[in-house]
């Protein structure tokens, strides 16, 4: 207290030296000036942190005589005189009363000084020991952002799994919780929700873990999983409704669904109308995909980047992605079923989402009056641009930037209010157009922006409506019609294609009235930065009925090639769709004819090619043919003809093409159609998940065929392609499926490839063509050098698979069999797009095959050539090969050595004869290869493990029976008891995901676990050891000692007791660092009583115990939380911080 009063007195003495209060000229509104002049506070602090530094309702006064007439006694709650100092303290009930009295006192002649009371706080701060593990703190400049935050409370609903309400990082932030599945029960604590909430609001400066984006945010937990793997859409809706009921400001949704749900969408819309800001995960598909609820209007969708600001492999992306945030390897609080409150590293867009949610809460703490549109505007405007300049479909507007967002001047926010469009506003305010043609180009400049135009129409009039979308924004088209009398209306929503393509709708007026056409971004996105990236073009053309140009009986004869219907005015229009027929007859030689049908917006076009029968088949019964025709009404269009090519793979609004390999002297009929004939599971979900407000694709269920009144373009072009490279496609037709599938090996196919596949020389350039969509080209090569090769595929338009011949000897029969194993392909890790480079691990002397075929992802054939060239990159560093066969087992080279997984499906076999019986520890650690410049795809970490077999007959071969009972040592560490009288085979293996090899190096180490117990013979009585281990004082205020948790002795796990003495009071940390196997626990005792403990951090995470102790002697007990013995030594450190 003496020090405190001295500080206050010193400050006040300095103030009084200014010449007294009267000289300052304070007025009723000069509180900030009083603060600034009396306490010399910086301008930036004045008026910002009164609540932190000053007692605004308290005055410190130095005066003579009486002053009671200068304030009202009824306003005073407390008064105390410090006569020895010459000061009095008056505390008022309200700050306003203090300000009023301040104005009067400052003018009184008997008052030497008057100032507000000062708050003091401890200068020491408990630093969070794990901040260094949270790279996102610096990446997002969180310390700076948090200094800019305001004092307003912001409530955030975490709709997720239940979270750990007792976690020290969250217990002061959780203001309520709800179990949406079982409301009478408490939420069930789980790791995911705890991690998400910790990222948002983990407590700061509590000496534990790290901290969250906004440590002052209030969390309302809504459990929609009830510790189950999945939640339902109606439970999500229930959770959102509960958040609305609790009047939260922000909702975090770190979950996704591939399908939309009407009830979930309705709940999101209700929350949006309630003014709640919603943030959701983009998804972890690693693909251009729209997932929900992130893709709903009014929801901020968040993708994940890593510490290098690169989009992670697993992050979904696309037009619905608004922002990205760090989501890879995020260290935050979590919950374990056994350990309870702990910490963990997790990855995913689930982790990126709360980064944005936390930023939203920071922004609202400073500017509580901002609405959802304004918050989203600031976040997008201030985001750190990544990828293509401006908005792009990978990174959205870029990485969230909390500091920049809080620095943004809210006065610069433009008007973001938009018209609430409904029938009345559409009819009243939509722009009117007339005439038979209309074109408009516009951009979206506000969230949820809609543009409407209207036109008077008469019953039966027809119009073709096309919407050409921007390259990076995906728009949807509304087509409504309202009757003159206002009693009838029909609505339609068209959203068939993605960004960069054209939506289309063929409209027929069902009655006299008004046609209204609206355009809106599918997620309500808009051009935040004014770059016109959202520009679209809307065209409306009145059409007239056209006579059917051709029929099956009267096809259009194509006299010569090339042929095109361009400028010929050909249409596909009819009550239930339309077909046009073309006929072409070939000459005396085989021909390749490319058939193309340009995209028709809003229509699903297809091509079918029929060949006239050249000879009658006497075995066919005419009656059977008649029956077949009667049973299948569609067959009559091709009656008497054979369907040889069906081109219909792309869907609505997409082009179709393929190559007809025409025989000589043959007549072909080409049927061009827009009849919808496909119906699959995806279509089912699309149709029945459409909004009830609009018809959407549900019109297809009612039998309506989507059409387009614009002239279509069909082309037939004779193309010249080289002869098929290998002829294998034709040979495949003559291989019996039964013979192939019943074969115990791939010998039949391998023999065929060895005979017919085109030879290839490594590192050479190769070029080839697919003669049709059904064609496949094979290449064969034998390696002359072992290593990793990169195959440059140029701008890949074809799929490529690589195969390796694997020899296998059947142990029971001794039969040697051959198999083709896939060892590579040119598809990305999420299997959503082609890659331009393929990496292969190749061994000298082995035979390999490459197979080129049509891109199955797009299902589009191209006659363009494929090219490839290979390049040697690196040789595997494993010098113990070749030992990847149970017949090729090598002696264990040493108790510690290095290797890699550089071969395909690499596995290593070693035999070992122990010299000493006992428990042996085994570890398998991974490290990056030393060769620089290697692509990350070939040095990915793998899931490695070990298998230990007993070689019972000691023949150094893993026999069939011996394979039945291995001991699995997973997670790269474990132990095994080995008998010196027995022999063993140790297998080192890995599970591969994307590619069947990796140049990641492993380090294998095996040790006999015969370490001496450091405190052997010590007797523990009343928590006092008889033989404690003394800590070594390494420097002033630092003690350190290493040890091991020894092997379990069949009674209890090992525990080590250390002794440390402090000659004066101690404040600092106790740290327990160990190998990846250690999940350490610290307990501190004095005189038999536990005074502190820590079991907060998980495996391979330094246990950290901030502690204050009086001088004296203490005993520190070290154990492993799960009784796991040490494979590597641990280090116990005691560090004084003050």
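The backbone N, Cα and C atoms fix where each Cβ goes, and this holds for glycine too.
Caution: TrEMBL annotation is automatic and unverified by curators.
Bear in mind that the values here come from a model prediction, so they are computed numbers and not experimental data.
Feature annotations, reproduced from TrEMBL:
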- 160: active site, charge relay system (ACT_SITE)
- 192: active site, charge relay system (ACT_SITE)
- 350: active site, charge relay system (ACT_SITE)
- 152-398: domain 'Peptidase S8/S53' (DOMAIN)
- 1-23: signal peptide (SIGNAL)
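Annotated features, which come from TrEMBL, shown on the structure.
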{"residue": "160", "record": "active site, charge relay system", "DSSP (3 states)": "strand"}
{"residue": "192", "record": "active site, charge relay system", "DSSP (3 states)": "helix"}
{"residue": "350", "record": "active site, charge relay system", "DSSP (3 states)": "helix"}
Taking each of the active-site residues 160, 192, 350 in turn and counting other Cβ atoms within 10 Å of its Cβ, which one has the fewest?
-> 192
Cα-Cα separation of residue 192 (active site, charge relay system) and residue 160 (active site, charge relay system), in Å?
-> 7
Between residue 350 (active site, charge relay system) and residue 160 (active site, charge relay system), what is the CA-CA distance rounded to a whole number of Å?
-> 10
